[in-house]
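So the structure is just underneath, and the comments pick up after that.
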């Protein structure tokens, strides 16, 4: 529909509403019945509200049409480059901050130019290059509960929500009615008269509910305006996985009155109908009000115990005859009640505090200046009357805190469907196992990581059990998974019932080439779908991954032939079965496989029964994969829309067309290159590392005059993480030229690097390697204290028996590592340590050695005795200069990680240690992810709740930008001594991250607000630091205008604070909960098999500088 037709359509809707208002006004004048007048007044009110909404849409359409017809070139979005191409990402080894090759830290061009007084930094050398850079749009400040309230001003979002909800409710009610009709026929056949009458009554009620739902759906469809906007993102709020978990607790509900409902018709001489309300929780009746003829209830409180439920349903009935008639319905999600109460609690705390959101500060509220000469902390002292330095104090203006004045209740009129409203008072008390105090203090939190589920392999799919907290649709049979567990492929996200996954015989496209599959795996029905974009305004599900499609045009595709719908990113995963349902396709394939097996001998049949007949590479981890470029080939793996089922003759004909080919043997088809572990050739790996150390130095490393002098190489081979990774994955030299060598390295130089490795390996085969100087083991150390504990194990302070040097040793149980499938994660942590060791980065914790015993593995790390920043911020508030100093050093550490393809993913105060000379060291590399360059993505759900970026919570692919979000939370905590997103449990924190806007003291310096606003941008592509220049964007911000980066890197800036200890073994800067524990290794009873011990071969390591 073009612009003129759309405007004409909206105009007709407006005229229709005006005609309805005129007719309602005439009716009101012609009657004296107060009930009729009340109903007519409600219709007029709703009509005027609808006209205001439609007129607003009309203005939007007219304005957009004027821009399209008369827009100048400058009005349009400009591409990043003049030729329209995307900006070129920097090479992986591009490090302008450290080398004299491009720009020094102290170079004037690398620092922020003085004079930019606005919120947006002017002239930053690494800012967004576009003249009209995208700016995050203001987020509407409403909740899902606001949308179902009667007087909600957000009519547009409400229409979208109700279109989806009503269509789903209608489809469920139709299924329910079909089931009841079968019961009626069954009871009729059995002659059970009483049961038949009961079922017949339920069938009548279901029919009445269907009519109500159709009436409500039509009302919203008449109001909906389909405005196609390329700029508007799709609304994915209804299809958010892993977010809305079923809740347990106590629901307090009070029903006061109903108004403006269409009462059931009654005879002329009878009294009015009796009205009552039934409350259901997950289809089970939990409460019922008394019957009334006044539409009011005086004392109807209900306390309802909720046990892992998602939704409550309120249905208003009129009883004027033998059977009650439903006249109005309302559905309320329990999680929406809990979210509304959380927001009300926060609002009550902040109302009198003087803290505001960033957008309000930009309208003249914030004029604070970040004065370099000001006293540290001059603008962020705690409010008067508070004790300075306490863990709960904040910025000037009065920090929010303390308990609210009374219990938080939700009292409002809610809209009934299709007409009317109901007055409710609601509250919900969640039952929590580990309730956090709802205050502003900072406390330690452990990181969470997605558990690796048991993998069920079927036809190349790696199915894992997944608990879904929203309505899903099975890709095989097409039925719903309602808040239930299902099976989902970890690679292609194919989703189905638990009972359906054994029936899946179509292949996983992420692991195969359809064209090379054996003929017996295919059927002759290969008709591709014709997918085209469409505006999704109702409840449609993806036929592959099963999620509800988002509202809008960007992500929704529909087949113009068979009506199948899916996500745009799932279209290449849908098989070419247009016109055939997935159940029929799988039935045909099963028949073909049975015929093939019948024609083969018993021995061959038994040999192939459990195999996936496809060549494939080494198995990949089901989680946390770098984004895969799926081959653009059709795949069997999605359900078809309900279509005609092929007849038995058609299935027989398809079976008969199959001719068993003279295929090669199973062993040839199943040939997989053997996987070589890193431990099979330790001498080769060490030799390769030695060659790499001498031959793979980048020009920046060779030409940097400011680099600290490195110690001369030792006689034994130097360990290089790139070579370690290359040999562990057994990459051949041809592939290593593409993957192992640094990005942007000339091909000739890469070949020269490979050749010495091969020569060195040959030499090592002939000449026995020299004995290492010292083989470090457990008997070299005395354990003195426990420094920390976690689900990983312990970190203990130890001293060497010979030199009395102190080290921090991280101890992990092998049994725990194997049970939790963390072997590869442990090896990855070691590789990240080697990356930090490579340049002895000043702000990263270094590794001195690794060793192992029969039951444990040990990381021997440098000991940092100053404690972590969490301890110090709890002892006293950081001033502005101190927070800026720590933030600058953390930024350089993240910059180094990102330049080496590592994202950190667990940035928090607990993981930042303070040395005795006042500088920081980032520790704990357990959640780091390697091979994450610009544009690379992964999807593992992990991190510390308060620091997790929105894209992680939304189960989306994410990249390096998650570190910059966490960096923003870190700066906020250091400046304001509280978290920007908080709640009583993890779910509330996640809700806050996705919905709340961070609040700031009214006099907070503008540059501080600006950097937090840009780092805490929910759209990752718009976040500061998300571009190809990465950390340089953040370094160029006005918040760091007075920072000389070269001086920071070389520790020439005097630190603002120096921790103190009474002796080298003083552990007073660590939590007494841990240091009071006796430092002993608890006995391990289990014995690991030889195969389990093999998993840790090659783990031992000693650094050159140790």
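Positions of Cβ are set from backbone N, Cα and C atoms, glycine also.
Copied from Swiss-Prot, the annotated features are:
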REGION    65-138  region 'Disordered'
COMPBIAS  79-93  compositional bias 'Pro residues'
DOMAIN    149-226  domain 'REM-1 2'
REGION    361-400  region 'Disordered'
ZN_FING   460-508  zinc finger
ZN_FING   528-578  zinc finger
REGION    600-625  region 'Disordered'
REGION    658-719  region 'Disordered'
DOMAIN    1041-1106  domain 'AGC-kinase C-terminal'
MOD_RES   1082  phosphothreonine
The zinc finger (460-508): DSSP-derived helix, strand, coil residue counts: 3 helix, 20 strand, 26 coil
Count of other CB atoms lying within 10 Å of the CB belonging to residue 1082 (phosphothreonine): 7
Secondary structure content, the zinc finger (528-578) (per DSSP, counts of residues): 6 helix, 16 strand, 29 coil
Coarse DSSP state, helix versus strand versus coil, of residue 1082 (phosphothreonine): coil
Segment confidence, the domain 'AGC-kinase C-terminal' (1041-1106), expressed as mean pLDDT: 88
